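**Q** Per TrEMBL, the features are:
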- ASP124: active site (ACT_SITE)
- ASP169: active site, proton donor (ACT_SITE)
- ASP351: active site, proton acceptor (ACT_SITE)
- TRP90, ASP92, HIS214, TRP217, TRP317, LYS345, GLU349: substrate binding site (BINDING)
- 1-18: signal peptide (SIGNAL)
Amino acid sequence: MKGIYTALVASAITGAFAAPSPIEQGPITARAAAAACATPVTLSGNPFASRTIYANKEYSKEVVAAASAISDSSLAAKALKVADVGTFLWIDTMARISVVEENLKDVGCNQIAALVIYDLPGRDCAAKASNGELAVGDIATYKSQYIDPIVAIFKKYPNTAIALVIEPDSLPNLVTNSDKQACKDSATGYKDGVAYALKSLNLPNIAMYIDAGHGGWLGWNDNLKPGAKGLADVYKAAGSPKQVRGVATNVAGWNAYDLSPGEFSKATDAQWNKAQNEKLYVSLFSPELKSAGMPSQAIIDTGRNAVTGLRKEWGDWCNVNGAGFGVRPTGSTGNTLVDAFVWVKPGGESDGTSDTGATRYDSYCGKEDAFKPAPEAGTWNQEYFEMLVKNAKPSF
Ligand code: BGC
(Lines of atoms letter the chains of each structure in order from A and count residues from 1; the text may use other names and numbers.)
(Lines give C-alpha, C1' and ligand atoms only; values in the text may rest on other atoms or scores of the structure.)
Protein backbone atom coordinates (compact mmCIF):
# COMPACT_ATOMS: atom_id res chain seq x y z
CA MET A 1 0.00 0.00 0.00
CA LYS A 2 0.81 3.68 0.04
CA GLY A 3 0.46 6.10 -2.75
CA ILE A 4 2.44 9.16 -3.55
CA TYR A 5 1.88 12.00 -1.17
CA THR A 6 2.03 15.62 -2.14
CA ALA A 7 4.38 15.95 0.77
CA LEU A 8 5.20 14.29 4.08
CA VAL A 9 6.40 14.01 7.85
CA ALA A 10 7.77 11.87 10.64
CA SER A 11 8.60 11.90 14.34
CA ALA A 12 9.83 9.69 17.15
CA ILE A 13 9.10 8.65 20.64
CA THR A 14 10.82 11.15 22.85
CA GLY A 15 11.72 10.91 26.49
CA ALA A 16 8.54 12.75 27.38
CA PHE A 17 6.55 9.84 26.07
CA ALA A 18 6.38 7.01 28.56
CA ALA A 19 6.51 3.72 26.73
CA PRO A 20 3.62 1.53 27.79
CA SER A 21 4.34 -1.99 28.84
CA PRO A 22 4.08 -4.67 26.18
CA ILE A 23 0.95 -6.70 25.95
CA GLU A 24 1.88 -10.11 27.23
CA GLN A 25 -0.38 -13.05 26.64
CA GLY A 26 2.02 -15.83 27.44
CA PRO A 27 4.20 -17.72 25.01
CA ILE A 28 2.38 -18.29 21.77
CA THR A 29 3.21 -21.97 21.70
CA ALA A 30 1.41 -22.60 24.98
CA ARG A 31 -1.45 -20.14 24.74
CA ALA A 32 -4.72 -21.33 26.21
CA ALA A 33 -7.98 -20.19 24.67
CA ALA A 34 -9.29 -17.19 26.59
CA ALA A 35 -12.88 -17.17 27.79
CA ALA A 36 -15.25 -15.41 25.43
CA CYS A 37 -17.86 -12.92 26.67
CA ALA A 38 -21.10 -14.46 27.90
CA THR A 39 -23.32 -11.72 26.54
CA PRO A 40 -23.37 -9.47 23.46
CA VAL A 41 -20.79 -6.70 23.35
CA THR A 42 -21.91 -3.13 22.72
CA LEU A 43 -19.00 -0.83 22.06
CA SER A 44 -19.13 2.84 22.92
CA GLY A 45 -16.24 5.00 24.01
CA ASN A 46 -12.68 3.83 23.56
CA PRO A 47 -12.87 0.10 22.72
CA PHE A 48 -9.19 -0.34 23.58
CA ALA A 49 -9.48 1.16 27.07
CA SER A 50 -10.25 -2.13 28.79
CA ARG A 51 -9.17 -4.62 26.14
CA THR A 52 -5.91 -5.87 24.66
CA ILE A 53 -5.65 -6.58 20.96
CA TYR A 54 -5.94 -10.25 20.11
CA ALA A 55 -2.69 -11.68 18.72
CA ASN A 56 -4.09 -13.30 15.58
CA LYS A 57 -2.94 -16.76 14.57
CA GLU A 58 -1.85 -15.77 11.09
CA TYR A 59 0.79 -13.30 12.21
CA SER A 60 1.75 -15.41 15.21
CA LYS A 61 2.42 -18.35 12.89
CA GLU A 62 4.62 -16.23 10.65
CA VAL A 63 6.57 -14.96 13.63
CA VAL A 64 7.01 -18.35 15.28
CA ALA A 65 8.36 -19.75 12.02
CA ALA A 66 10.64 -16.74 11.60
CA ALA A 67 11.98 -17.03 15.14
CA SER A 68 12.77 -20.70 14.69
CA ALA A 69 14.84 -19.84 11.62
CA ILE A 70 17.13 -17.53 13.64
CA SER A 71 20.33 -19.20 14.84
CA ASP A 72 21.35 -16.48 17.29
CA SER A 73 19.45 -17.71 20.35
CA SER A 74 19.15 -14.34 22.05
CA LEU A 75 17.72 -12.75 18.92
CA ALA A 76 15.44 -15.76 18.39
CA ALA A 77 14.05 -15.37 21.92
CA LYS A 78 13.31 -11.70 21.30
CA ALA A 79 11.74 -12.48 17.95
CA LEU A 80 9.43 -15.05 19.50
CA LYS A 81 7.97 -12.42 21.81
CA VAL A 82 6.63 -10.59 18.77
CA ALA A 83 4.19 -13.48 18.29
CA ASP A 84 2.33 -12.32 21.39
CA VAL A 85 1.81 -8.78 20.18
CA GLY A 86 -1.73 -8.06 19.01
CA THR A 87 -1.71 -6.88 15.40
CA PHE A 88 -4.29 -6.26 12.70
CA LEU A 89 -5.27 -9.07 10.38
CA TRP A 90 -5.54 -7.82 6.80
CA ILE A 91 -8.44 -9.24 4.80
CA ASP A 92 -6.72 -8.28 1.58
CA THR A 93 -8.47 -10.76 -0.75
CA MET A 94 -11.81 -12.55 -0.89
CA ALA A 95 -9.96 -15.83 -0.22
CA ARG A 96 -8.53 -14.41 2.99
CA ILE A 97 -12.03 -14.24 4.48
CA SER A 98 -11.60 -17.95 5.16
CA VAL A 99 -9.27 -17.32 8.12
CA VAL A 100 -11.48 -14.79 9.87
CA GLU A 101 -13.69 -17.18 11.76
CA GLU A 102 -10.98 -19.37 13.26
CA ASN A 103 -9.48 -16.22 14.73
CA LEU A 104 -12.72 -14.71 16.01
CA LYS A 105 -13.53 -17.97 17.81
CA ASP A 106 -10.43 -17.55 19.91
CA VAL A 107 -10.86 -13.97 21.12
CA GLY A 108 -11.30 -13.55 24.88
CA CYS A 109 -13.67 -11.21 26.64
CA ASN A 110 -10.83 -8.93 27.73
CA GLN A 111 -9.57 -8.79 24.14
CA ILE A 112 -10.53 -7.10 20.89
CA ALA A 113 -10.06 -8.62 17.45
CA ALA A 114 -8.46 -6.23 14.96
CA LEU A 115 -8.84 -6.45 11.19
CA VAL A 116 -8.23 -4.38 8.10
CA ILE A 117 -10.82 -4.13 5.35
CA TYR A 118 -8.72 -3.84 2.17
CA ASP A 119 -10.02 -4.99 -1.19
CA LEU A 120 -11.55 -2.03 -3.05
CA PRO A 121 -11.84 -2.20 -6.83
CA GLY A 122 -8.77 -0.53 -8.34
CA ARG A 123 -6.93 -0.74 -5.03
CA ASP A 124 -3.80 1.36 -4.44
CA CYS A 125 -4.54 3.74 -7.30
CA ALA A 126 -1.48 5.96 -6.78
CA ALA A 127 1.04 3.12 -6.57
CA LYS A 128 1.53 -0.35 -7.95
CA ALA A 129 2.81 -2.49 -5.10
CA SER A 130 -0.59 -3.28 -3.59
CA ASN A 131 -2.84 -3.29 -6.63
CA GLY A 132 -5.63 -5.69 -5.72
CA GLU A 133 -7.73 -8.44 -7.23
CA LEU A 134 -10.78 -6.35 -8.17
CA ALA A 135 -10.75 -4.21 -11.28
CA VAL A 136 -12.04 -0.66 -11.38
CA GLY A 137 -15.81 -0.86 -11.75
CA ASP A 138 -16.21 -4.21 -10.02
CA ILE A 139 -18.07 -2.73 -7.09
CA ALA A 140 -20.78 -5.39 -7.24
CA THR A 141 -18.21 -8.09 -6.43
CA TYR A 142 -16.74 -5.97 -3.64
CA LYS A 143 -20.15 -5.69 -2.03
CA SER A 144 -21.54 -9.17 -2.54
CA GLN A 145 -18.42 -11.32 -2.36
CA TYR A 146 -16.19 -9.35 -0.04
CA ILE A 147 -18.12 -7.10 2.37
CA ASP A 148 -21.33 -9.18 2.68
CA PRO A 149 -19.58 -12.46 3.60
CA ILE A 150 -17.44 -10.65 6.18
CA VAL A 151 -20.56 -9.10 7.70
CA ALA A 152 -22.21 -12.52 7.82
CA ILE A 153 -19.29 -13.90 9.83
CA PHE A 154 -19.19 -10.93 12.21
CA LYS A 155 -22.91 -11.40 12.87
CA LYS A 156 -22.15 -14.86 14.21
CA TYR A 157 -19.90 -13.34 16.89
CA PRO A 158 -21.97 -10.66 18.68
CA ASN A 159 -20.13 -11.42 21.94
CA THR A 160 -16.75 -10.51 20.45
CA ALA A 161 -15.33 -6.98 20.32
CA ILE A 162 -13.92 -6.08 16.92
CA ALA A 163 -11.92 -3.07 15.71
CA LEU A 164 -11.65 -2.34 12.00
CA VAL A 165 -9.41 -0.13 9.91
CA ILE A 166 -11.29 0.75 6.75
CA GLU A 167 -9.52 0.72 3.38
CA PRO A 168 -6.04 2.19 3.87
CA ASP A 169 -5.01 4.97 1.46
CA SER A 170 -8.23 5.01 -0.54
CA LEU A 171 -9.96 8.26 0.49
CA PRO A 172 -6.65 10.11 1.10
CA ASN A 173 -5.64 9.22 -2.46
CA LEU A 174 -8.83 10.83 -3.74
CA VAL A 175 -7.86 14.02 -1.93
CA THR A 176 -4.25 14.35 -3.10
CA ASN A 177 -3.81 12.10 -6.12
CA SER A 178 -6.90 12.91 -8.13
CA ASP A 179 -4.66 14.09 -10.96
CA LYS A 180 -3.66 10.48 -11.58
CA GLN A 181 -5.85 8.68 -14.10
CA ALA A 182 -6.08 5.49 -12.01
CA CYS A 183 -7.32 7.47 -9.01
CA LYS A 184 -9.79 9.36 -11.17
CA ASP A 185 -11.11 6.07 -12.50
CA SER A 186 -11.32 4.59 -9.00
CA ALA A 187 -13.00 7.52 -7.28
CA THR A 188 -16.63 6.49 -7.60
CA GLY A 189 -15.92 2.92 -6.57
CA TYR A 190 -13.85 4.00 -3.57
CA LYS A 191 -16.57 6.30 -2.26
CA ASP A 192 -19.37 3.87 -2.93
CA GLY A 193 -17.35 0.93 -1.58
CA VAL A 194 -16.24 2.63 1.65
CA ALA A 195 -19.76 3.93 2.31
CA TYR A 196 -21.15 0.44 1.77
CA ALA A 197 -18.54 -1.06 4.10
CA LEU A 198 -19.28 1.49 6.85
CA LYS A 199 -23.01 0.96 6.58
CA SER A 200 -22.86 -2.83 6.46
CA LEU A 201 -20.28 -3.25 9.21
CA ASN A 202 -22.12 -0.97 11.61
CA LEU A 203 -22.76 -3.64 14.25
CA PRO A 204 -22.83 -2.95 18.02
CA ASN A 205 -19.70 -5.02 18.73
CA ILE A 206 -17.63 -3.24 16.07
CA ALA A 207 -15.60 -0.01 16.21
CA MET A 208 -14.50 1.44 12.88
CA TYR A 209 -11.63 3.75 12.01
CA ILE A 210 -11.39 5.16 8.48
CA ASP A 211 -7.86 5.49 7.12
CA ALA A 212 -6.65 9.10 7.14
CA GLY A 213 -3.13 8.78 5.76
CA HIS A 214 -0.60 10.51 8.00
CA GLY A 215 0.80 13.91 8.88
CA GLY A 216 2.93 14.04 5.77
CA TRP A 217 -0.08 13.38 3.61
CA LEU A 218 -3.32 15.05 4.72
CA GLY A 219 -1.41 17.10 7.31
CA TRP A 220 -0.35 19.82 4.85
CA ASN A 221 -2.08 23.09 5.60
CA ASP A 222 -3.91 22.93 2.29
CA ASN A 223 -4.94 19.29 2.70
CA LEU A 224 -6.45 19.36 6.21
CA LYS A 225 -9.86 20.73 5.27
CA PRO A 226 -10.33 18.87 1.96
CA GLY A 227 -9.05 15.72 3.67
CA ALA A 228 -11.56 15.97 6.50
CA LYS A 229 -14.33 16.75 4.06
CA GLY A 230 -13.37 13.82 1.84
CA LEU A 231 -13.73 11.41 4.74
CA ALA A 232 -16.78 13.06 6.28
CA ASP A 233 -18.68 13.09 2.98
CA VAL A 234 -18.36 9.32 2.69
CA TYR A 235 -19.20 8.84 6.36
CA LYS A 236 -22.37 10.87 5.86
CA ALA A 237 -23.21 9.08 2.61
CA ALA A 238 -23.14 5.89 4.69
CA GLY A 239 -25.79 7.40 6.99
CA SER A 240 -23.37 8.52 9.74
CA PRO A 241 -22.94 5.02 11.20
CA LYS A 242 -22.79 5.02 14.97
CA GLN A 243 -19.92 2.61 15.24
CA VAL A 244 -17.44 4.83 13.40
CA ARG A 245 -15.05 6.14 16.08
CA GLY A 246 -12.85 8.22 13.82
CA VAL A 247 -9.68 7.62 11.88
CA ALA A 248 -6.54 5.48 11.66
CA THR A 249 -3.30 7.31 10.96
CA ASN A 250 0.22 6.26 9.98
CA VAL A 251 -1.03 2.87 8.78
CA ALA A 252 2.03 0.98 7.49
CA GLY A 253 3.77 4.30 8.00
CA TRP A 254 7.01 5.50 9.53
CA ASN A 255 6.19 8.76 11.27
CA ALA A 256 7.04 9.06 14.93
CA TYR A 257 4.37 9.92 17.43
CA ASP A 258 5.77 12.98 19.11
CA LEU A 259 9.32 13.63 17.94
CA SER A 260 10.00 17.31 18.23
CA PRO A 261 11.14 18.98 16.12
CA GLY A 262 9.65 16.59 13.60
CA GLU A 263 11.78 14.52 11.27
CA PHE A 264 11.12 16.72 8.24
CA SER A 265 10.79 20.04 10.05
CA LYS A 266 13.95 21.33 8.35
CA ALA A 267 12.78 20.50 4.85
CA THR A 268 12.39 23.48 2.54
CA ASP A 269 8.62 23.02 2.42
CA ALA A 270 8.18 22.45 6.16
CA GLN A 271 6.51 25.82 6.63
CA TRP A 272 3.48 24.46 4.81
CA ASN A 273 2.94 21.61 7.20
CA LYS A 274 2.34 21.98 10.91
CA ALA A 275 1.63 18.27 11.34
CA GLN A 276 5.28 17.41 11.80
CA ASN A 277 4.55 14.36 13.90
CA GLU A 278 1.46 12.14 14.30
CA LYS A 279 0.48 13.71 17.59
CA LEU A 280 0.39 17.11 15.92
CA TYR A 281 -1.39 15.67 12.91
CA VAL A 282 -4.18 14.28 15.06
CA SER A 283 -4.46 17.55 17.00
CA LEU A 284 -4.90 19.44 13.71
CA PHE A 285 -7.02 16.94 11.81
CA SER A 286 -9.41 15.98 14.59
CA PRO A 287 -11.06 19.44 14.90
CA GLU A 288 -11.41 19.55 11.10
CA LEU A 289 -13.19 16.21 11.15
CA LYS A 290 -15.45 17.44 13.89
CA SER A 291 -16.44 20.56 12.01
CA ALA A 292 -16.95 18.49 8.87
CA GLY A 293 -19.42 16.42 10.90
CA MET A 294 -17.47 13.25 11.58
CA PRO A 295 -16.32 11.50 14.79
CA SER A 296 -12.69 12.31 15.34
CA GLN A 297 -10.95 9.84 17.64
CA ALA A 298 -7.74 8.34 16.26
CA ILE A 299 -5.68 5.20 16.43
CA ILE A 300 -2.05 5.47 15.34
CA ASP A 301 0.14 2.74 13.85
CA THR A 302 3.38 2.60 15.83
CA GLY A 303 4.38 -0.81 14.50
CA ARG A 304 7.49 0.23 12.61
CA ASN A 305 8.25 3.78 13.71
CA ALA A 306 10.99 3.24 16.31
CA VAL A 307 13.84 4.66 14.24
CA THR A 308 13.71 8.08 12.60
CA GLY A 309 15.98 9.83 10.11
CA LEU A 310 15.89 6.93 7.66
CA ARG A 311 13.83 8.35 4.83
CA LYS A 312 15.28 10.62 2.19
CA GLU A 313 11.86 12.07 1.62
CA TRP A 314 8.77 12.15 3.72
CA GLY A 315 6.80 10.31 1.04
CA ASP A 316 9.10 7.28 0.93
CA TRP A 317 6.80 4.45 1.99
CA CYS A 318 8.31 1.17 0.85
CA ASN A 319 10.23 -1.16 3.19
CA VAL A 320 12.22 1.64 4.78
CA ASN A 321 15.68 0.35 5.60
CA GLY A 322 16.86 0.52 9.21
CA ALA A 323 13.37 0.52 10.75
CA GLY A 324 12.48 -1.00 14.11
CA PHE A 325 9.34 -2.14 15.90
CA GLY A 326 7.80 0.77 17.83
CA VAL A 327 5.68 1.20 20.92
CA ARG A 328 3.52 -1.84 21.67
CA PRO A 329 -0.22 -1.66 21.19
CA THR A 330 -1.97 -0.01 24.10
CA GLY A 331 -5.17 1.83 24.90
CA SER A 332 -3.32 4.05 27.37
CA THR A 333 -2.01 6.84 25.19
CA GLY A 334 -2.14 9.83 27.53
CA ASN A 335 -3.96 11.69 24.76
CA THR A 336 -7.72 12.06 24.85
CA LEU A 337 -7.84 12.25 21.04
CA VAL A 338 -5.97 8.97 20.61
CA ASP A 339 -7.82 5.75 21.46
CA ALA A 340 -4.79 3.53 20.98
CA PHE A 341 -1.34 2.97 19.62
CA VAL A 342 -1.71 -0.06 17.39
CA TRP A 343 0.31 -2.27 15.08
CA VAL A 344 -1.71 -2.24 11.87
CA LYS A 345 1.02 -3.30 9.45
CA PRO A 346 2.29 -6.74 10.47
CA GLY A 347 6.01 -6.02 10.72
CA GLY A 348 8.00 -8.44 8.56
CA GLU A 349 5.41 -8.49 5.78
CA SER A 350 6.70 -6.58 2.77
CA ASP A 351 5.30 -3.29 1.44
CA GLY A 352 6.15 -4.21 -2.12
CA THR A 353 8.55 -6.14 -4.29
CA SER A 354 11.97 -4.82 -5.29
CA ASP A 355 11.94 -7.03 -8.39
CA THR A 356 12.00 -4.51 -11.23
CA GLY A 357 10.51 -7.10 -13.60
CA ALA A 358 7.39 -7.76 -11.51
CA THR A 359 3.99 -6.45 -12.62
CA ARG A 360 3.46 -4.78 -9.24
CA TYR A 361 6.97 -3.32 -9.07
CA ASP A 362 6.76 0.25 -7.84
CA SER A 363 9.81 2.48 -8.16
CA TYR A 364 9.46 3.51 -4.50
CA CYS A 365 10.51 -0.02 -3.59
CA GLY A 366 13.72 0.47 -5.55
CA LYS A 367 14.67 3.74 -3.88
CA GLU A 368 17.94 4.17 -2.06
CA ASP A 369 16.30 4.09 1.36
CA ALA A 370 14.23 0.95 0.63
CA PHE A 371 15.41 -2.44 1.90
CA LYS A 372 16.38 -4.84 -0.91
CA PRO A 373 15.71 -7.51 -1.89
CA ALA A 374 12.05 -7.45 -0.90
CA PRO A 375 9.26 -9.85 -1.91
CA GLU A 376 5.71 -9.03 -3.04
CA ALA A 377 3.56 -6.87 -0.75
CA GLY A 378 2.17 -8.83 2.15
CA THR A 379 4.67 -11.67 1.92
CA TRP A 380 7.29 -12.43 4.51
CA ASN A 381 10.72 -10.86 4.48
CA GLN A 382 12.83 -12.67 7.05
CA GLU A 383 15.78 -10.28 7.01
CA TYR A 384 13.53 -7.28 7.31
CA PHE A 385 11.75 -8.85 10.27
CA GLU A 386 15.06 -9.55 12.04
CA MET A 387 16.06 -5.95 11.49
CA LEU A 388 12.79 -4.74 13.05
CA VAL A 389 13.45 -6.93 16.10
CA LYS A 390 17.05 -5.71 16.49
CA ASN A 391 16.02 -2.07 16.18
CA ALA A 392 12.87 -2.30 18.32
CA LYS A 393 12.23 0.53 20.77
CA PRO A 394 11.36 -0.40 23.47
CA SER A 395 13.44 -3.50 22.93
CA PHE A 396 12.05 -6.99 23.30
C1 BGC B 1 -0.44 -5.66 1.06
C2 BGC B 1 -1.42 -6.65 1.60
C3 BGC B 1 -0.99 -7.12 2.97
C4 BGC B 1 -0.77 -5.94 3.88
C5 BGC B 1 -0.23 -6.34 5.21
C6 BGC B 1 -0.26 -4.53 2.06
O7 BGC B 1 0.72 -3.67 1.61
O8 BGC B 1 -0.88 -5.17 -0.17
O9 BGC B 1 -1.49 -7.75 0.72
O10 BGC B 1 -1.96 -7.96 3.54
O11 BGC B 1 0.14 -5.04 3.30
O12 BGC B 1 1.05 -6.85 5.14
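Using N, Cα and C of the backbone, Cβ positions are placed for all residues, glycine too.
Automatic, uncurated: that is what TrEMBL annotation is.
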**Q** Near ligand 1, meaning Cβ under 6 Å from any of its atoms: which of the recorded positions TRP90, ASP92, ASP124, ASP169, TRP317, GLU349 fit that description?
**A** TRP90, ASP92, GLU349
**Q** Once the chains shown are all counted, how many other Cβ atoms turn up within 10 Å of the Cβ of the residue listed as 'active site, proton acceptor'?
**A** 27
**Q** Which one of these binding-site residues, HIS214, LYS345, has the sparsest Cβ neighbourhood, judged by other Cβ atoms within 10 angstroms?
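**A** Each of the binding-site residues HIS214, LYS345 was scored by Cβ atoms within 10 Å; lowest is LYS345.
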**Q** Looking only at TRP217, TRP317, which of these binding-site residues has the biggest number of Cβ atoms within 10 Å around its Cβ?
**A** TRP217
**Q** At the Cα level, what's the spacing in Å between LYS345 (substrate binding site) and the residue listed as 'active site, proton donor', rounded?
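**A** Between the alpha carbons of LYS345 (substrate binding site) and the residue listed as 'active site, proton donor' there are 13 Å.
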**Q** In the structure shown, with every protein chain counted, which of the recorded positions ASP92, ASP124, GLU349 has the densest set of Cβ atoms within 10 angstroms of its Cβ?
**A** ASP124
